[in-house]
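Report on the structure given below.
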């Protein structure tokens, strides 16, 4: 340490601590950097004392400077540190590392220039070392220094052929000759296996060199020969020859660099052998610091033999992809391609010392908290341990595990057969007995023969031979010592509950009362001398009592229960006396509806909860075809989590929910633990994501939650809960193996214990569906037997409602509970609700009414986007019962792309809306239940700002209310919004009640009919009545369809220069009037609107306006009354003032009178004239064939707006919208066929489902023979494998069946508008008839016009997938299918092979690439997304799993003729 401590004096040390590591950074140099630099110097053979002076640092820098450009990160860091120390010795003031480097490099350059030219070595152009030096014009070889050789040997010995060896060799061998490189290799004494691998690579590369560089003819005397492979390797050449080859004037051969590259290939192979970790396996642990993960990643990356582009891709994708979830979340927020410095800075706090310190502090706090010692444990501590006796042979001095005698059969505890000691009834006393599936005990007290009833007893209760039969009795030893304990269970309840005493059961512990659970287990206890009655509740984590005072030494705490959150006082180390036993535990006091002893006290008493497993047949489950179960290693866990998981798993194993996995089970899924809400208990979680991916898919059996408004009104209601629902359903035994998980041990002290689930696990994708299916099977018989009783079941919540008498209703509930208990389901008493109000699914229910549970809006100083989202969710939930709830302005606060944690600034409108909602929520609102036979009605009311409210009711009884505030269009009107409201209510009513209500809408029938006649957009209009509830929905202005006669006509236009944003808007009238307005910072659309507004302002009460803008026409035609645009709002106000308005649209300016004139008027200096010569041919084409919009756009190059207007202007192409139906089978060979009728003729139509291609013709009769002939004609033209028709007589005839059988196609039948129906051909019949109507006047006979219409539909109708016509699409699909089949057949030969290859003069092998094709002279390979052609002599083909026979190493390694014959015969090449 002498040199280390004397590197810098005290003053210089102070100066060092002021220097920053990076310019502008926060971190500064400290002493640890000097200590690190001293250790690193030893690797380069440099003395530590050199750092003590300026001259010594200068010497270090002269050695390191040539190595910096090709050196590792450690080398560069060492160089930077020495630069800083050099500046401190030279008394140079520096602020950061970069300044120090500049100063040091300036001094190095000056010293080099001062050296004499004859003595200064001139480095060859290839490197920074100087084995070959140019002195006086001659190249002289200087042997490698011992320092260099020592550094190389130390590198190999320390790193053991790690990833650092390759760049280290590159740096140390820079500029070396083969002689020098061989000297370096000979210095490595050990690792001869690695040396042999390098020698084999050298021999292989030398042979390739000789093959590529054949020996030329005889050379003239005195001329230097060209190097052979052995010359490059230094075995048959001298140092002088090597120098001449490297530095000759003509055709130099860098033998040193070539040999270095061969050695690098060998070293990389050794690195992969010594370090088998793949770069893909480098993943960050859950608590691993990000910097440590990055170090491991780059260490493995440096060992990868691939090009820099691939390494760059690995850095950009794998580094983030394989980070743990915490770091990955932070890294994704950095955007695309963050730098490594940004990633390290962002993740430095995750998994680092700070986080570890917090975890350690939390663990230490928990460890220092004195845990209450159970009574039995205290007894064992108090007494001395007796002599060890073997349970197997009975001898003293060893345990059963050490016993060498044959294993005794049966139980080691009681000697009986049929069970093992861990499950012995005399050893294990539980809160609930585990009931077998074969013989179940009744939960009701009237079953006297129920043996094994659920009981409570403390551990080590009765002695051997103890009789515990009889579900409602107390065991004999307990009965003899419990005083009045027999009265406790007499008829399930007792008027007087006396304290019970317990007796010590000899040396076996103690005996406690055991009592039936057919009633609530309520006992009397004394807490610090204060008597209370408490419920023993195994479902509660903590213990809470009311009505007692325990002093002021408490901690305030809030706990959650059925009724919400409760404020409590927590007292620790409180003395409790219960069932004759004293314990000390933590207890809370507060306003609880019932006193509860939870698991913290029950565990101290030694009580356990044993759940039965349901007697339900397991549902068979399989993995997806070709998939295997998860095999993911368990990641490291902290000590406290391991202990918590161990306790949880042991408990679940005792309860029959888990069992040990056999050692032959190869599957594993990671497990971990998290703290519960109270932060005192742990919850076990299994990461089933991989298992969910490979598990078969399940059907969602329940698509939503039930709503109380859909319940029928009943006299009595009861709510009960199924406890630990998933853990009551058995899992398919054949599938259990895939749920295996492992509990690791601390410091790997023992093998991890492995478990598999016997019941439905939480987190597995199949658990919800299987549970719902099982519950439906259990409840269906009960529902049928009690048809007058309503049973609503959602997951583990069950609601029972009936009009029966109280006694009959209670009997039904008891029968249902008994049924569930007999099937193995538990029904916890603490969640059993017999009296109103019933808390169910977020609602409070009474027999005659329902309401929402209390809603409390949050009060916050600072609001984030996430807070606003939660607030809107609460308000939307409340809107189903509270009328008038609005969220429009609150939702506007989070419009646009915002992060969840971004702070939100409230607007005045949003604050006012929130306050109004708070006032509404303060009022009491109640809903009613549904009454059969009473008409269902829906009343809609319009509020301000386009917000709508509605109520669904039966007379004056309100069932449900709601709101609607979605505005899908920027410019809209009330009728369109009203239509959306009606659709929403209709869907809602169908789901809840299964019927459509009668609507009361605030609109006049004339307004509604007028709007829907012109702008029909939906397929369903309900029955409705007019309601005169202001404000009424009205159409604000009179927009007529035909031009007004004797009224001035305005031609409007606007234009804008995109570069300058300057524009003009104006109009020209048919009476010679015109006007132009100059605009700034505008757009074409805004200019068009300005021109329209000018025409409205300057015109009279009646006006004709002609526009050439589809944008303006679309806005005006929709008759908007609401808009967010000030300009459109101005237009609306002007239009309201008019008596009548006609608005027309023209597509072109040429030859259209005033429209052409106004275009010239506003275009001067603004835009060029748009030539639309192709409009007239497009109109002629459409009048002939009536093609669609996309066909006109494709063929004539028209803008889509112009093409759309051409189609819309055609009176024969005007049609209403069509309903959207279910999906159909769209495979390539699927056709649908149907018959339709027109003009007394029968037209048979066949449609190719995938492409929409149609075949149609007129047939004489609708018979099976004619249909079969058409089917044969269709099959002779197109591939057909599946035909779908309706159930008509001609399609089900024997003729059609025989034709289908002969062709080899599958025929199916269906009904309209089902997913497997003939809906495609039904729709095509409609389109065919429309097309025939358009061209009917072009042909005489119906036969001709049908074929003409089919031609138009197949070749003149473009759109859909690929923007093709149906004919193009069908041909494309057939061609694609053939290509796929061809390439699949070819690819099967090569799919198991990979190719390593070399390119150009580069001798480095690259790959692997995927083999696509193997020809005689070359192979076709795929590398990433790039496809390459590689000569055979530069390619090696191997099996991807390695170890196979190489096929292409050159002409001497494969018989070309044999390979060609094999490829031609279609065989797969052998590996």
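Even glycines carry a Cβ here, placed using N, Cα and C.
As given in Swiss-Prot:
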{"type": "REGION", "residues": "7-31", "note": "region 'Interaction with Gp41'"}
{"type": "REGION", "residues": "105-130", "note": "region 'Disordered'"}
{"type": "REGION", "residues": "186-223", "note": "region 'Interaction with human PPIA/CYPA and NUP153'"}
{"type": "REGION", "residues": "274-360", "note": "region 'Dimerization/Multimerization of capsid protein p24'"}
{"type": "REGION", "residues": "441-508", "note": "region 'Disordered'"}
{"type": "REGION", "residues": "513-517", "note": "region 'Dimerization of protease'"}
{"type": "REGION", "residues": "561-567", "note": "region 'Dimerization of protease'"}
{"type": "REGION", "residues": "600-612", "note": "region 'Dimerization of protease'"}
{"type": "DOMAIN", "residues": "656-846", "note": "domain 'Reverse transcriptase'"}
{"type": "REGION", "residues": "838-846", "note": "region 'RT 'primer grip''"}
{"type": "SITE", "residues": "1011", "note": "site 'Essential for RT p66/p51 heterodimerization'"}
{"type": "SITE", "residues": "1024", "note": "site 'Essential for RT p66/p51 heterodimerization'"}
{"type": "DOMAIN", "residues": "1044-1167", "note": "domain 'RNase H type-1'"}
{"type": "BINDING", "residues": "1234, 1286, 1322", "note": "Mg(2+) 3 binding site"}
{"type": "DNA_BIND", "residues": "1393-1440", "note": "DNA-binding region"}
In chain order, residues whose C-beta lies under 8 angstroms from the C-beta of residue 1234 (Mg(2+) 3 binding site), counting only those at least six residues away in the same chain, are 1244, 1245, 1285, 1286, 1318, 1321, 1322, 1325
Which number gives the other C-beta atoms within 10 angstroms of the C-beta of residue 1322 (Mg(2+) 3 binding site), all protein chains shown included?
-> 18
Rounded mean pLDDT for the residues that make up the region 'Dimerization/Multimerization of capsid protein p24' (274-360) = 75
What does DSSP assign residue 1286 (Mg(2+) 3 binding site), in three states?
-> coil
Please give the sequence-distant neighbours of the region 'Interaction with Gp41' (7-31): residues at least 6 beyond its ends with Cβ less than 8 Å from one of its Cβ atoms.
-> 38, 51-52, 81, 84-85, 88-89, 94-98, 100
Pull the DSSP breakdown for the region 'Interaction with human PPIA/CYPA and NUP153' (186-223) and write it out as helix, strand, coil residue counts.
-> 22 helix, 0 strand, 16 coil
Grab the same-chain neighbours of the region 'RT 'primer grip'' (838-846) for me: Cβ-Cβ under 8 Å, and only residues 6 or more beyond its ends, written as numbers and ranges.
-> 562-563, 705-706, 708, 717-719, 794, 797, 799, 852-853, 877
Short question: which residues 6 or more past the ends of the region 'Interaction with human PPIA/CYPA and NUP153' (186-223) have a Cβ under 8 Å from it?
-> 149, 152-153, 156-157, 161, 229-230, 232-233, 258, 262-263, 265-267, 269-270, 273-274, 1403, 1450
Which residue counts does DSSP yield for the region 'Interaction with Gp41' (7-31) in the helix, strand and coil classes, in that order?
-> 8 helix, 2 strand, 15 coil
Kindly assign residue 1322 (Mg(2+) 3 binding site) to one of the three DSSP-derived states: helix, strand or coil.
-> helix
For residue 1286 (Mg(2+) 3 binding site), the number of neighbouring Cβ atoms whose distance to its own Cβ is within 10 Å equals 19
